[in-house]
Every structure is written in structure tokens, then in C-alpha cells.
Amino acid sequence: MKNKKKGGSAPKGPKGAKKSKTYSLNEDSFFSTESKKRRKIDRDEIESDSDDDYGVVGSDSEGGGEEAEEAEAIEETADEKRKRIAQEYLEKVRGLARREKEDEEDDSDEEGEKEGERDSLVAKILQQQQLEDSGRVRRAIASRVQKPESTEEFRISVKHRQSVTAVALSEDDFKGFSASKDGTILHWDVDSGKSEKYLWPRDEVLKSHGVKDPQGRATKHSKHVLALAVSSDGRYLASGGLDRHIHLWDTRTREHIQAFPGHRGPVSCLTFRQGASELFSGSYDRTVKIWNVEDRAYIDTLFGHQGEVLSIDCLRKERVLSVGHDRSMQLFKVPEASRLVFRAPASSLECCCFISNDDFLSGSDDGSVELWSMVRKKPVCIVKNAHPYLAARKNVEQKDGDRIPNGHIENGDHTSQSYDCSSTYSWISSVTVCRGSDLAASGAGNGSVRLWAVESESKAMKPLHDLPLVGFVNSLAFAKSGGFLVAGVGKEPRLGRWGHISSARNGIAIHPLKLSSDDTDNF
């Protein structure tokens, strides 16, 4: 009986195998173009079926419909999302190259030659952008910035009731974001200036999103905003302030979606890692924390500062640059769990930003702007009195002989009548760099924003132009193309009320920058 049973079951095996061979080559895992996640689901379904179900799987009646419905229900995987984004970006670059070639080409060109030239231009653009993102090449923009005419000046495009504390631009430079001391967060169009307000939800909604009860003597949550940051994909806007929370907003709906507690002091600065969902926050509690906005999760805390963290910045690498009231600037290498400490000569650093992966820029409360290199623990170049207090009313020019052997540069003369470098109005409150270029800008409360050329070979900074602007320049942002500069200005400094300029206007000021045509430019 056992032999007969074995003999009877023998034909069934080949029969089942024969049924499984009815699958086409498209369903074979070797020839399949589907993701690993979908292939795994299909294998699990086949292995879990009984012998009696082989006919149903191989049939074309209802099995195909179920598989089609299940395939539609499967969400997009990470690999598929990266592929889709890469294809969309490639089409965008091809469109840019096509428009450039249409402006240059003659009607007599052959169609094949046009297509080949466009492909070569696309490859050139992609290669150049990769070199710029890696920090190995900088665009030569500073030498092309033309001197502004008397009619060209900052124009207030967006108004705020109180001093603006932070500004941020979207990746395409079409949209801008700003925040002020009264808790107002605005989303505005760069060209038209039309703005839309973010509305804070009720306390019950905030608690459901993760907000904790106020700590210390505070009886209610403060809406005072000190920092803003927008993600590279433009989906998320992060804000931080006196309530010790990081608030996450959806830029498409302008709705509050999450709050990250954890800091024990006011959140003073925020930055997103370029091209990623990692968010870095600096606080008065002397720490820098890492968050993942996609997973709505806390990742890690970086320690090292002995004073309040005032400013942070990040590029594509997992490296965070921060300055604090401990007179130090620190570069955190997150994957290596290490840090580099850079000491300021004799002042407290107020702001910082990356120029490239190896060069940094900072501003101090004594009116100095410092250029740093990762291979040296001290500044490679210091521009003292970068924003003289009387610069708006007195013509102070850079003299060729004002460079002293240790690399310091002195602006103007040294009489007490010319400037007051210890004044609050000459403190460097903000610095920024046009991404991947040699063009930088700094702001203070002396009545102007100064443009700089960062020379990579000589490791020096050359002043370009002064752009008049009354008020405390608390935040700056360049357009990626270098076509304009955005400044967040107010009557009071960003982190306090120790100064007041009654003639200033609270709002967002935009200054257009004219660039001369240059055939050697990367784009």
C-alpha cells in the first residue's frame, strides 16, 4: 500500500512542475524588471499554494485579475522612487539643454547633429553639477557681478509686523519662506511677492503632534520663531524657536504635521542635509540633534559645545558645521563620530556657513569676517571691521596696503571717528554663500550688505560691492543662480533686543544681481 501510494503520488509531482513551467520569461526572476519587493511577494504566493491550486495559478481566469489588483496596491519602493526622481531630473536637464541649443543653433543644422549636440551638452551639465556638489569645482560668479546702479536697491517685497529672524529659499528659487519674532511664518512668491500665512493649530492638535507641556516658568508655548529650514525636495518646512520644539510643516498644504521635543533650550538654528531627509537642529542647551523627517524620528545628539549653539550649516555630506558662544566653530563628522574644533582669535562667533566641504565662512561680534580651511585650526584670512558703523554715511574704501603679514585685512582708517567696531550695529549677524560658487555676502546693522569674492587659491576675501539696507540683517540667502539676494531685516537683532533702529522696516528685502556674460562660466 505504501509503494502504491508512492507510485500514485509520483505523477503528481511532474504534473505540478509542468504547470509551473507555463509561466512566461517575463515572470522569471532573472528576466524580471520588477523590484525585489514585488518578486519576493510573488514567490511567497507560489510557495504557499497547495497542489490543488496550481491550475488556478496557471489559469487566466481570476488569478490574473487578483495579481493586477495586488500589484497596484503595492507602494513605490525606495529604488523605484530614486529611479523616478533621476528620470525627472534628467528630463529637466534635457529641456534646459534643448532651450539653450535652440537659441544658438542655425536652421541649416541637421536633425541628427542637433540631437548629438544636445546629448553632449546634457552630459556636460550633469558632470559639472556633480563636480560642484562634491565641492571640487566652484562657479566663477563673483567676478561677473556688476556694480549696482543708483536705481538698483533692496526692495521690501514681503512685510512682517516684527523683526524677521529667518529666511529660506526653495530649491528652484521660486518660493521663499520667512519667520519673525511674533511667530508669523510666511510662504511667498519671489517674483510677485504674494504671500500666504502658516496658521498655528490649536493646543490640542499640537499635543497630538508631539508637543510637550511648557517647562520652567513658562505657562504657555511661545510662538517666537528663531530658525527656518526647507528640505531639498520642497515638501517640508522646519521651524524652531523659544518653545524648545522643532515644528514640521507640509509646504503643499501649509499644515502642521509633527513636533519634535527633546531640546532643553530654545532652538536657535536649523538646516537640512542637501538631497536627504536628515534635519539638524542647534539649541541653547549646547547640543546639536539629528532628526529624520520622513520617519518622524529622532536619530542622535552631538555634544561638544560649551556654550549656546547659534548657527549651523550642512552640505551633501554628513558633516555639520556649527558655532557657539564658546568662541569655537566645530565640524561634526557624523559617520566617523568625530569632530574638529576651530578656535576664534579673540571674539565670539555669531554665524557660519559652508563654502565647500573644506572651506568655511564665519562672522563675529567684533565685526570680523573669517575664512577657514579644514586643514588649519585658525582662520586663514580675517577681515576686520567688515561692516563699519558709519559706512552708510561715510565712504570707507579698502586700501591695497592694508594687508598685514598675519593675513588680517583692515578696512578704512583706525580713528574713532571713522567707525565703532564694538558697537552692536557692526556685529556680523549673518553670512551666506551662493552654492557652489565664489560669491559670498555678510550682513550687520550698519546699513549695508557687503558682497565678497572668495579666492580659493590665495585663500583671501576681496570686498566687491556694498548694497544699502537699513536695519539689522538677521538672515541672508542667495539664489542658486546668483541672480538675486534675499535679506531678512528688522528693527531688532535676531537673538535679542539690545539694539533698535527705528527707521528700519521689518520684512523681506530682495536685491537683483546683474551678471556679465562670460563664455568661461560653467553653465
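Keep in mind that glycine also has a Cβ here, set from the backbone N, Cα and C atoms.
Listed in TrEMBL:
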- 22-33: compositional bias 'Polar residues' (COMPBIAS)
- 44-54: compositional bias 'Acidic residues' (COMPBIAS)
- 63-78: compositional bias 'Acidic residues' (COMPBIAS)
- 79-101: compositional bias 'Basic and acidic residues' (COMPBIAS)
- 102-114: compositional bias 'Acidic residues' (COMPBIAS)
- 1-121: region 'Disordered' (REGION)
- 157-198: repeat 'WD' (REPEAT)
- 218-259: repeat 'WD' (REPEAT)
- 260-301: repeat 'WD' (REPEAT)
Mind tallying the repeat 'WD' (260-301) by DSSP state, helix then strand then coil?
0 helix, 23 strand, 19 coil
Given the repeat 'WD' (157-198), its same-chain partners at Cβ distance under 8 Å and 6+ residues beyond its ends are 222-230, 232-234, 237, 239, 241, 249, 251, 254, 256, 472, 474-477, 479-481, 483-484, 486-494, 505-510
Let me know the model's mean pLDDT on the repeat 'WD' (260-301).
95
